[in-house]
Amino acid sequence: MAPNIRKSHPLLKMVNNSLIDLPTPSNISAWWNFGSLLGICLVTQILTGLLLAMHYTADTNLAFSSVSHTCRNVQYGWLIRNLHANGASLFFICIYMHIGRGIYYGSYLYKETWNTGIILLLTLMATAFVGYVLPWGQMSFWGATVITNLFSAIPYIGQTLVEWAWGGFSVDNPTLTRFFALHFLLPFLIAGLTLIHLTFLHESGSNNPLGITSNCDKIPFHPYFSSKDILGFMLLYFLLTTLALFSPNLLGDPENFTPANPLVTPPHIKPEWYFLFAYAILRSIPNKLGGVLALAASILILFLSPFLHKSKQRTMTFRPLSQMLFWLLVTNLLILTWIGSQPVEHPFIIIGQLASLTYFTILLILLPLTGALENKILNY
(Lines of atoms letter the chains of each structure in order from A and count residues from 1; the text may use other names and numbers.)
(Lines give C-alpha, C1' and ligand atoms only; values in the text may rest on other atoms or scores of the structure.)
Protein backbone atom coordinates (compact mmCIF):
# COMPACT_ATOMS: atom_id res chain seq x y z
CA MET A 1 0.00 0.00 0.00
CA ALA A 2 1.37 3.45 -0.97
CA PRO A 3 2.18 5.72 1.98
CA ASN A 4 -0.35 8.48 2.62
CA ILE A 5 1.28 11.75 1.43
CA ARG A 6 -0.52 13.59 4.23
CA LYS A 7 1.41 11.52 6.77
CA SER A 8 4.74 11.12 4.97
CA HIS A 9 5.49 14.49 3.28
CA PRO A 10 7.78 16.59 5.57
CA LEU A 11 5.58 19.72 5.39
CA LEU A 12 2.15 18.13 5.09
CA LYS A 13 3.03 15.88 8.04
CA MET A 14 3.36 18.99 10.27
CA VAL A 15 0.03 20.36 9.06
CA ASN A 16 -1.56 16.94 9.56
CA ASN A 17 -0.29 16.62 13.13
CA SER A 18 -1.49 20.14 14.00
CA LEU A 19 -4.81 20.46 12.19
CA ILE A 20 -6.07 17.07 11.03
CA ASP A 21 -4.99 14.07 13.11
CA LEU A 22 -4.38 16.08 16.29
CA PRO A 23 -5.84 14.12 19.25
CA THR A 24 -8.25 16.54 20.96
CA PRO A 25 -10.27 16.14 24.19
CA SER A 26 -13.86 15.39 23.17
CA ASN A 27 -15.41 17.69 25.78
CA ILE A 28 -13.75 21.06 25.06
CA SER A 29 -16.34 23.85 24.92
CA ALA A 30 -16.67 26.97 22.77
CA TRP A 31 -14.17 28.68 25.12
CA TRP A 32 -11.50 26.65 23.31
CA ASN A 33 -12.44 28.34 20.00
CA PHE A 34 -10.64 31.59 20.77
CA GLY A 35 -7.16 30.30 19.88
CA SER A 36 -8.19 29.65 16.28
CA LEU A 37 -10.17 32.93 16.23
CA LEU A 38 -6.97 34.76 17.21
CA GLY A 39 -5.21 33.02 14.33
CA ILE A 40 -7.84 34.16 11.83
CA CYS A 41 -7.71 37.69 13.34
CA LEU A 42 -3.94 37.77 12.76
CA VAL A 43 -4.29 36.62 9.13
CA THR A 44 -7.03 39.23 8.52
CA GLN A 45 -4.96 42.01 10.11
CA ILE A 46 -1.84 41.11 8.09
CA LEU A 47 -3.79 41.03 4.79
CA THR A 48 -5.75 44.26 5.36
CA GLY A 49 -2.62 45.91 6.81
CA LEU A 50 -0.56 44.97 3.76
CA LEU A 51 -3.17 46.53 1.46
CA LEU A 52 -3.26 49.69 3.60
CA ALA A 53 0.56 49.93 3.68
CA MET A 54 0.55 50.09 -0.14
CA HIS A 55 -1.28 53.42 0.04
CA TYR A 56 0.23 54.85 3.23
CA THR A 57 2.99 57.46 3.48
CA ALA A 58 4.99 57.52 6.73
CA ASP A 59 5.63 61.26 6.77
CA THR A 60 4.19 63.78 9.23
CA ASN A 61 3.06 66.08 6.41
CA LEU A 62 1.42 63.34 4.38
CA ALA A 63 0.33 60.56 6.79
CA PHE A 64 -3.11 62.00 7.64
CA SER A 65 -3.79 62.88 3.98
CA SER A 66 -2.66 59.46 2.78
CA VAL A 67 -5.11 57.72 5.13
CA SER A 68 -7.86 60.11 4.00
CA HIS A 69 -6.93 59.40 0.36
CA THR A 70 -7.13 55.63 1.01
CA CYS A 71 -10.66 56.02 2.37
CA ARG A 72 -11.85 58.39 -0.38
CA ASN A 73 -10.11 57.36 -3.59
CA VAL A 74 -8.82 53.79 -3.30
CA GLN A 75 -11.20 51.01 -4.43
CA TYR A 76 -12.83 49.75 -1.22
CA GLY A 77 -10.12 51.58 0.75
CA TRP A 78 -12.73 52.69 3.31
CA LEU A 79 -13.73 49.06 3.84
CA ILE A 80 -10.15 47.82 4.17
CA ARG A 81 -9.38 50.53 6.73
CA ASN A 82 -12.57 49.88 8.71
CA LEU A 83 -11.90 46.13 8.75
CA HIS A 84 -8.33 46.75 9.92
CA ALA A 85 -9.27 49.24 12.67
CA ASN A 86 -12.17 47.17 14.01
CA GLY A 87 -10.25 43.92 13.48
CA ALA A 88 -7.82 45.17 16.13
CA SER A 89 -10.72 45.56 18.59
CA LEU A 90 -11.96 42.04 17.91
CA PHE A 91 -8.39 40.75 18.21
CA PHE A 92 -8.25 42.15 21.75
CA ILE A 93 -11.74 40.90 22.65
CA CYS A 94 -10.64 37.39 21.58
CA ILE A 95 -7.29 37.53 23.40
CA TYR A 96 -8.87 38.77 26.64
CA MET A 97 -11.49 35.99 26.49
CA HIS A 98 -8.73 33.48 25.66
CA ILE A 99 -6.73 34.60 28.74
CA GLY A 100 -9.89 34.56 30.87
CA ARG A 101 -10.51 30.96 29.77
CA GLY A 102 -6.89 30.15 30.70
CA ILE A 103 -7.33 31.57 34.21
CA TYR A 104 -10.75 29.93 34.77
CA TYR A 105 -9.73 26.47 33.60
CA GLY A 106 -6.19 26.46 35.01
CA SER A 107 -4.52 26.33 31.57
CA TYR A 108 -1.65 28.38 33.03
CA LEU A 109 -0.28 25.16 34.54
CA TYR A 110 1.15 24.46 31.07
CA LYS A 111 3.90 26.95 31.94
CA GLU A 112 5.69 27.22 28.57
CA THR A 113 2.43 27.65 26.64
CA TRP A 114 1.22 30.24 29.18
CA ASN A 115 4.48 32.23 29.18
CA THR A 116 4.71 32.36 25.38
CA GLY A 117 1.07 33.47 25.42
CA ILE A 118 1.88 36.41 27.71
CA ILE A 119 4.81 37.39 25.45
CA LEU A 120 2.34 37.25 22.54
CA LEU A 121 -0.03 39.56 24.45
CA LEU A 122 2.78 42.07 25.11
CA THR A 123 3.83 41.99 21.44
CA LEU A 124 0.21 42.48 20.35
CA MET A 125 -0.14 45.48 22.69
CA ALA A 126 3.06 47.01 21.28
CA THR A 127 1.82 46.43 17.71
CA ALA A 128 -1.57 48.02 18.43
CA PHE A 129 0.07 51.01 20.12
CA VAL A 130 2.47 51.82 17.25
CA GLY A 131 -0.34 51.21 14.76
CA TYR A 132 -2.63 53.72 16.47
CA VAL A 133 -0.01 56.43 15.93
CA LEU A 134 0.12 55.97 12.14
CA PRO A 135 -3.00 57.94 11.02
CA TRP A 136 -1.33 60.98 12.68
CA GLY A 137 -4.52 62.42 14.13
CA GLN A 138 -4.65 64.37 17.41
CA MET A 139 -5.13 61.31 19.62
CA SER A 140 -2.45 59.41 17.66
CA PHE A 141 0.09 62.16 18.30
CA TRP A 142 -0.77 62.87 21.93
CA GLY A 143 -1.20 59.20 22.78
CA ALA A 144 2.30 58.55 21.40
CA THR A 145 3.68 61.52 23.36
CA VAL A 146 2.11 60.48 26.67
CA ILE A 147 2.91 56.76 26.47
CA THR A 148 6.50 57.10 25.20
CA ASN A 149 7.08 59.75 27.87
CA LEU A 150 6.43 57.10 30.53
CA PHE A 151 9.87 55.63 29.80
CA SER A 152 11.41 58.84 31.17
CA ALA A 153 10.31 57.62 34.63
CA ILE A 154 13.05 54.96 34.48
CA PRO A 155 15.85 56.22 36.74
CA TYR A 156 19.14 57.41 35.21
CA ILE A 157 18.58 56.22 31.61
CA GLY A 158 14.92 57.27 31.21
CA GLN A 159 15.29 60.59 29.38
CA THR A 160 18.00 59.25 27.06
CA LEU A 161 15.82 56.23 26.31
CA VAL A 162 12.83 58.40 25.38
CA GLU A 163 14.86 60.66 23.08
CA TRP A 164 16.38 57.57 21.49
CA ALA A 165 12.87 56.13 20.91
CA TRP A 166 11.64 59.46 19.48
CA GLY A 167 14.67 59.99 17.28
CA GLY A 168 14.73 63.62 18.45
CA PHE A 169 13.48 65.86 21.25
CA SER A 170 9.78 65.30 20.61
CA VAL A 171 7.41 63.00 18.72
CA ASP A 172 8.08 63.94 15.10
CA ASN A 173 8.85 62.55 11.65
CA PRO A 174 11.56 60.06 12.78
CA THR A 175 9.11 58.70 15.39
CA LEU A 176 6.38 58.15 12.79
CA THR A 177 8.81 56.47 10.36
CA ARG A 178 10.11 54.00 12.94
CA PHE A 179 6.61 53.30 14.28
CA PHE A 180 5.52 52.39 10.76
CA ALA A 181 8.54 50.08 10.38
CA LEU A 182 7.72 48.44 13.73
CA HIS A 183 4.02 48.14 12.92
CA PHE A 184 4.92 46.34 9.69
CA LEU A 185 7.43 44.03 11.38
CA LEU A 186 5.73 43.04 14.66
CA PRO A 187 2.76 41.07 13.20
CA PHE A 188 5.25 38.68 11.59
CA LEU A 189 6.97 38.31 14.96
CA ILE A 190 3.52 37.53 16.40
CA ALA A 191 3.05 34.87 13.70
CA GLY A 192 6.41 33.31 14.63
CA LEU A 193 5.62 33.38 18.36
CA THR A 194 2.24 31.79 17.59
CA LEU A 195 4.03 28.78 16.08
CA ILE A 196 6.15 28.47 19.25
CA HIS A 197 2.98 28.81 21.36
CA LEU A 198 1.34 25.98 19.37
CA THR A 199 4.47 23.82 19.52
CA PHE A 200 4.41 23.97 23.32
CA LEU A 201 0.64 23.37 23.39
CA HIS A 202 0.91 20.26 21.20
CA GLU A 203 3.65 18.89 23.47
CA SER A 204 1.16 18.58 26.33
CA GLY A 205 -2.14 18.47 24.45
CA SER A 206 -5.17 20.65 25.20
CA ASN A 207 -6.63 21.12 28.66
CA ASN A 208 -10.39 20.52 29.05
CA PRO A 209 -13.26 21.91 31.17
CA LEU A 210 -12.87 19.18 33.81
CA GLY A 211 -9.12 19.73 34.17
CA ILE A 212 -8.46 15.98 34.24
CA THR A 213 -6.42 13.78 31.89
CA SER A 214 -8.35 13.13 28.70
CA ASN A 215 -5.96 10.66 27.03
CA CYS A 216 -8.61 7.93 27.20
CA ASP A 217 -11.18 10.15 25.48
CA LYS A 218 -9.66 11.99 22.52
CA ILE A 219 -11.01 12.42 19.01
CA PRO A 220 -9.33 13.66 15.80
CA PHE A 221 -9.35 17.42 15.30
CA HIS A 222 -10.75 17.05 11.77
CA PRO A 223 -13.70 16.94 11.06
CA TYR A 224 -15.07 17.55 14.57
CA PHE A 225 -13.22 20.66 15.70
CA SER A 226 -12.32 21.98 12.25
CA SER A 227 -16.06 22.40 11.58
CA LYS A 228 -16.56 23.91 15.04
CA ASP A 229 -13.73 26.39 14.32
CA ILE A 230 -15.21 27.32 10.92
CA LEU A 231 -18.51 28.15 12.66
CA GLY A 232 -16.47 30.41 14.98
CA PHE A 233 -14.81 32.08 11.97
CA MET A 234 -18.22 32.76 10.42
CA LEU A 235 -19.52 34.36 13.61
CA LEU A 236 -16.33 36.44 13.99
CA TYR A 237 -16.48 37.69 10.39
CA PHE A 238 -20.19 38.43 10.76
CA LEU A 239 -19.42 40.56 13.82
CA LEU A 240 -16.46 42.26 12.10
CA THR A 241 -18.33 43.12 8.90
CA THR A 242 -21.37 44.33 10.88
CA LEU A 243 -19.11 46.61 12.93
CA ALA A 244 -17.10 47.82 9.90
CA LEU A 245 -20.19 48.51 7.74
CA PHE A 246 -22.75 49.86 10.22
CA SER A 247 -20.75 51.67 12.90
CA PRO A 248 -17.07 51.77 11.87
CA ASN A 249 -16.23 54.64 14.25
CA LEU A 250 -18.08 53.29 17.30
CA LEU A 251 -14.87 52.29 19.10
CA GLY A 252 -12.65 55.10 17.77
CA ASP A 253 -11.99 58.58 19.16
CA PRO A 254 -13.55 61.57 17.34
CA GLU A 255 -10.38 63.54 18.20
CA ASN A 256 -8.49 61.45 15.64
CA PHE A 257 -10.39 63.07 12.76
CA THR A 258 -8.34 66.20 13.44
CA PRO A 259 -4.78 66.22 12.03
CA ALA A 260 -2.02 66.13 14.68
CA ASN A 261 -1.16 69.52 16.14
CA PRO A 262 1.66 69.74 18.72
CA LEU A 263 0.36 73.17 19.84
CA VAL A 264 -3.15 72.03 20.82
CA THR A 265 -3.63 69.41 23.54
CA PRO A 266 -6.94 67.45 23.46
CA PRO A 267 -9.03 67.88 26.65
CA HIS A 268 -8.90 64.15 27.49
CA ILE A 269 -5.97 62.10 26.25
CA LYS A 270 -6.88 58.41 26.35
CA PRO A 271 -5.81 55.27 24.49
CA GLU A 272 -8.07 52.89 22.55
CA TRP A 273 -10.68 51.04 24.69
CA TYR A 274 -8.61 47.85 24.96
CA PHE A 275 -5.86 49.65 26.91
CA LEU A 276 -8.17 51.62 29.22
CA PHE A 277 -7.98 49.15 32.14
CA ALA A 278 -4.16 49.43 32.19
CA TYR A 279 -4.38 53.21 31.69
CA ALA A 280 -6.70 53.45 34.73
CA ILE A 281 -4.18 51.49 36.83
CA LEU A 282 -1.40 53.81 35.59
CA ARG A 283 -3.38 56.92 36.56
CA SER A 284 -4.49 55.58 39.94
CA ILE A 285 -0.99 56.11 41.39
CA PRO A 286 -0.06 59.79 41.85
CA ASN A 287 3.63 59.10 41.23
CA LYS A 288 5.11 58.73 37.73
CA LEU A 289 7.48 55.83 38.42
CA GLY A 290 4.93 54.13 40.69
CA GLY A 291 2.30 54.39 37.95
CA VAL A 292 4.64 52.94 35.33
CA LEU A 293 5.51 50.03 37.64
CA ALA A 294 1.81 49.37 38.36
CA LEU A 295 1.08 49.50 34.61
CA ALA A 296 3.81 46.94 33.90
CA ALA A 297 2.71 44.80 36.86
CA SER A 298 -0.90 44.73 35.63
CA ILE A 299 0.18 42.54 32.69
CA LEU A 300 3.35 40.90 34.06
CA ILE A 301 1.39 39.61 37.07
CA LEU A 302 0.08 36.91 34.70
CA PHE A 303 3.55 35.29 34.79
CA LEU A 304 2.89 34.51 38.48
CA SER A 305 -0.39 32.63 37.87
CA PRO A 306 1.19 29.12 37.80
CA PHE A 307 2.95 29.81 41.13
CA LEU A 308 -0.16 31.20 42.83
CA HIS A 309 -2.26 28.09 42.08
CA LYS A 310 -2.88 26.44 45.45
CA SER A 311 -5.95 24.33 44.69
CA LYS A 312 -5.89 20.55 44.34
CA GLN A 313 -8.29 20.93 41.42
CA ARG A 314 -7.04 22.42 38.19
CA THR A 315 -10.15 24.18 36.92
CA MET A 316 -12.75 26.34 38.66
CA THR A 317 -15.57 24.13 37.31
CA PHE A 318 -16.28 22.63 40.76
CA ARG A 319 -15.00 25.56 42.88
CA PRO A 320 -17.87 28.02 43.48
CA LEU A 321 -15.84 30.36 45.74
CA SER A 322 -13.09 30.75 43.13
CA GLN A 323 -15.77 31.24 40.47
CA MET A 324 -17.20 34.16 42.43
CA LEU A 325 -13.74 35.72 42.67
CA PHE A 326 -13.11 35.17 38.97
CA TRP A 327 -16.29 36.99 37.96
CA LEU A 328 -15.51 39.70 40.50
CA LEU A 329 -12.16 40.12 38.70
CA VAL A 330 -13.93 40.38 35.32
CA THR A 331 -16.35 42.99 36.69
CA ASN A 332 -13.44 44.86 38.26
CA LEU A 333 -11.66 44.99 34.87
CA LEU A 334 -14.83 46.40 33.27
CA ILE A 335 -14.94 49.09 35.99
CA LEU A 336 -11.26 49.90 35.33
CA THR A 337 -12.01 50.16 31.59
CA TRP A 338 -14.81 52.63 32.31
CA ILE A 339 -12.64 54.66 34.73
CA GLY A 340 -9.83 54.86 32.15
CA SER A 341 -12.19 56.68 29.79
CA GLN A 342 -13.25 59.25 32.42
CA PRO A 343 -11.51 62.55 33.28
CA VAL A 344 -9.20 62.69 36.32
CA GLU A 345 -11.61 64.17 38.86
CA HIS A 346 -13.76 63.15 41.84
CA PRO A 347 -15.27 60.50 42.16
CA PHE A 348 -13.40 58.73 39.34
CA ILE A 349 -10.00 59.05 41.04
CA ILE A 350 -10.99 57.12 44.17
CA ILE A 351 -13.01 54.53 42.20
CA GLY A 352 -9.95 53.92 39.99
CA GLN A 353 -7.67 53.54 43.01
CA LEU A 354 -10.03 51.08 44.72
CA ALA A 355 -10.51 49.08 41.49
CA SER A 356 -6.73 48.94 40.92
CA LEU A 357 -6.17 47.74 44.49
CA THR A 358 -8.93 45.13 44.09
CA TYR A 359 -7.38 43.86 40.82
CA PHE A 360 -4.03 43.09 42.45
CA THR A 361 -5.64 41.82 45.69
CA ILE A 362 -7.79 39.26 43.86
CA LEU A 363 -4.91 37.92 41.75
CA LEU A 364 -2.16 37.94 44.39
CA ILE A 365 -4.01 37.21 47.64
CA LEU A 366 -7.66 36.17 47.36
CA LEU A 367 -7.44 33.54 44.59
CA PRO A 368 -4.55 31.58 46.24
CA LEU A 369 -6.24 31.81 49.68
CA THR A 370 -9.56 30.64 48.26
CA GLY A 371 -7.83 27.73 46.52
CA ALA A 372 -6.27 26.66 49.83
CA LEU A 373 -9.61 27.12 51.64
CA GLU A 374 -11.42 24.94 49.09
CA ASN A 375 -8.80 22.22 49.66
CA LYS A 376 -9.70 22.35 53.38
CA ILE A 377 -13.44 22.19 52.58
CA LEU A 378 -12.80 19.05 50.48
CA ASN A 379 -11.67 17.24 53.63
CA TYR A 380 -15.04 17.68 55.36
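From the backbone N, Cα and C atoms, a Cβ is placed for every residue, glycine too.
Listed features, source Swiss-Prot:
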- HIS84, HIS183: heme b b562 binding site (BINDING)
- HIS98, HIS197: heme b b566 binding site (BINDING)
- HIS202: ubiquinone binding site (BINDING)
- 34-54: transmembrane segment (TRANSMEM)
- 78-99: transmembrane segment (TRANSMEM)
- 114-134: transmembrane segment (TRANSMEM)
- 179-199: transmembrane segment (TRANSMEM)
- 227-247: transmembrane segment (TRANSMEM)
- 289-309: transmembrane segment (TRANSMEM)
- 321-341: transmembrane segment (TRANSMEM)
- 348-368: transmembrane segment (TRANSMEM)
Checklist entry - Reported as an integer number of Å, what is the Cα distance between the residue listed as 'ubiquinone binding site' and HIS84 (heme b b562 binding site)? => result 30
Next on the checklist: Counting only residues 6 or more past its boundaries, what in the same chain has a CB within less than 8 Å of a CB in the transmembrane segment (321-341)?
Outcome noted: 100, 103-104, 270-271, 273, 275-281, 283, 311, 348, 351-352, 355-356, 358-359, 362-363, 366-367, 370-371, 373-374
Checklist entry - Sequence gap of 6 or more, C-beta under 8 Å: which same-chain residues meet both conditions with respect to HIS183 (heme b b562 binding site)? => result GLY49, THR127, VAL130, GLY131, LEU134
Checklist entry - Cα distance, HIS98 (heme b b566 binding site) to HIS84 (heme b b562 binding site), nearest Å? => result 21
Checklist entry - Restricting to the same chain and to residues at least six past its boundaries, which positions have a Cβ under 8 Å from a Cβ of the transmembrane segment (114-134)? => result 56, 58, 63, 67, 88, 91-92, 95, 98-99, 102, 107-108, 140-141, 143-144, 147, 175-176, 179-180, 182-183, 186-187, 189-190, 193-194, 196-197, 200, 271-272, 274-275, 299-300, 302-303, 305-306
Checklist outcome for this item: Taking all protein chains shown into account, the Cβ-based neighbour count within 10 Å for HIS98 (heme b b566 binding site) is 20
Item to check | Cβ atoms near HIS84 (heme b b562 binding site) (within 10 Å, other residues, all chains) | outcome: 20
Checklist entry - Including all protein chains displayed, how many Cβ atoms other than that of HIS202 (ubiquinone binding site) lie within 10 Å of its Cβ? => result 14
Checklist outcome for this item: Residues outside the transmembrane segment (289-309) whose C-beta sits under 8 Å from one of its C-beta atoms, at least 6 past its ends, are 99, 103, 106, 108-109, 111, 114-115, 118, 121-122, 125, 150, 153-155, 277-279, 281-283, 356, 359-360, 363-364, 367-368, 371
Checklist outcome for this item: With the cut-off at Cβ under 8 Å and a gap of six or more residues from its ends, the chain residues touching the transmembrane segment (34-54) are 70, 80-81, 83-84, 87-88, 90-91, 94-95, 97-98, 101, 183-184, 187-188, 190-191, 194, 229, 232-233, 236, 240
Checklist outcome for this item: Sequence-ordered list of residues in the chain of HIS197 (heme b b566 binding site) that lie 6 or more positions away and have a Cβ within less than 8 Å of its Cβ, or none, is THR113, THR116, GLY117, LEU120
